[in-house]
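Only one structure is covered here, and it is reproduced in the block below.
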Amino acid sequence: MPPKIEAQEIETYWNIFSARTNGGKFLTGEQAAPVLKNSGLRDDQLERVWDLADVDNDGNLDFEEFCVAMRVIFDLLNGEYADVPTTLPDWLVPESKAHLVQANRALTGKAPKFEQVEDEDDTPGLKDGFDWYMSPADKSKYEQIYQENRDMRGEVSFAALQDLYDSLSVPDTDIRSAWNLVNPSASSTINKDACLAFLHILNYRHEGFRIPRTVPASLRASFERNKITYNVNDPSQSRWAQKADDETSTGRKAKFGDQYLTRLGRSSFKTAGTDFSSEQTDDQWEEVRLKKQLAELDEKMAKVEEAANRRRGGKRDTKPALVKRELEQLLDYKRKELRDLEEGKGKAAAGGSLKSVADDLATVKEQVEGLEAHLRSRQDVLEQLKREIEEEKVGR
């Protein structure tokens with residue numbers, strides 16, 4: 001049985017902690033110095049004990065971290081350690097901060113993780129062109145798979161999707177690479193955003209596209225927003241995803257997820273036909289969609305400007321020019337709104353609706369199309385006038 005901090009110890013530490021903090025929740029370095037120096041350890045050792053116990057690196061010790069520091073000091077004095085350990089033993093890690101320790105170990109290369117697989121750029125038949133954008137139909141399917149496999153905390157483990165892996169024509173090495181990509185902290189489970197991205201990568205790989213090498217920064221940040229359980233009585237689960245079998249069936253498979261959902265009894269599942277742009281979705285995916293729409297509008301505006309430049313030799317129509325300027329101003333305003341949305345300012349900070357932004361963009365798109373139609377009609381009128389002038393010249 002691993003050692004543990006006894007209840008009597010905790011009570012002793014609490015009396016010291018509460019006396020030093022005057023009922024506060026944190027102990028500063030100045031408040032802790034007299035207690036720690038009474039141990040007789042060297043200053044450099046005490047500095048390392050502090051760094052080891054300050055798991056969240058906020059420069060203070062809460063009560064759990066103070067217990068860790070005191071226990072390490074007592075173990076040093078009792079000869080359990082020859083020197084300050086470089087890492088905390090697992091039994092001494094506060095469960096409420098275990099995720100921070102695991103993330104730190106992942107960043108320093110000390111955590112278990114799937115073997116990194118070299119990119120196989122010469123794999124026959126694989127295509128470039130992976131796109132992070134999820135169509136409404138694909139996202140609906142991903143969410144269905146997520147709902148069938150999430151645990152009570154809304155997270156999904158690697159092993160929970162084993163039946164799905166078996167239904168795909170994707171090698172296990174690529175499956176593990178995709179998991180590593182969306183799980184930078186090497187956790188045993190991933191949240192909803194990471195799960196949807198993981199399924200999206202597998203879908204593209206199933207369709208013959210290469211696994212991407214990096215994840216957009218905005219998505220990577222959403223992967224790390226995992227929900228933490230603070231119930232210390234919960235039994236600890238396995239911290240690492242189990243390595244899948246190295247031999248995955250690679251024969252001809254059904255379309256991504258269909259065979260798997262059929263086995264789950266969901267073959268009759270149909271979407272309501274509602275576009276996801278009208279539903280409340282996660283901010284990161286909404287940003288991708290809005291940026292795509294902005295790019296399409298930019299392309300259309302460029303075509304309109306090009307058409308206007310071609311007809312500058314004739315009589316200038318002031319009405320289309322006025323409409324064009326107004327649309328450009330509206331487009332600049334929408335771009336500013338998108339920047340505010342990304343930075344959490346303005347309407348976004350006050351709870352502004354992403355749906356209203358998407359609706360406004362749709363309105364701009366309709367107006368641009370109307371402007372193009374108007375330009376075409378004016379060009380037809382211009383051509384007619386030119387023909388009449390030529391006919392008049394010939395008649396003379």
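Cβ coordinates are placed from backbone N, Cα and C, and glycine is handled just like the others.
The shown structure was predicted, so the numbers you read here are calculated from the model rather than taken from an experiment.
The Ca(2+) binding site annotation in Swiss-Prot covers Asp54, Asp56, Asp58, Asn60, Glu65. Under the DSSP three-state reduction, Glu65 (Ca(2+) binding site) is assigned to helix.
Residues or ranges marked as coiled coil in Swiss-Prot (evidence: sequence analysis): 284-395.
The feature domain 'EH 1' is assigned by Swiss-Prot to 9-99. Under DSSP, the residues of the domain 'EH 1' (9-99) split into helix, strand and coil as follows: 56 helix, 2 strand, 33 coil.
This prediction places the mean pLDDT of the domain 'EF-hand' (41-76) at 87. Summarising the annotation, Swiss-Prot assigns domain 'EF-hand' to 41-76.
Positions annotated as domain 'EH 2' by Swiss-Prot: 138-226.
If you look at the domain 'EF-hand' (41-76), the same-chain residues 6 or more away from its ends with a CB under 8 A from one of its CBs are 5, 9-10, 13-14, 16-17, 25-29, 32, 83-85, 87-88, 92-94, 96-97, 100-101.
Counting residues per DSSP class in helix, strand and coil order gives 53 helix, 5 strand, 31 coil for the domain 'EH 2' (138-226). Listed in sequence order, the residues Phe26, Ala53, Val55, Asn57, Gly59, Leu61, Asp62 complete the 8 Å Cβ shell around the Ca(2+) site centroid, once Asp54, Asp56, Asp58, Asn60, Glu65 themselves are left out. Around Asn60 (Ca(2+) binding site), the same-chain residues at least 6 positions away in sequence with a Cβ under 8 Å from its Cβ are Phe26, Leu27, Thr28, Gly29, Asp54. The Cβ neighbour count for Asp58 (Ca(2+) binding site), using a 10 Å radius over every protein chain in view, is 10.
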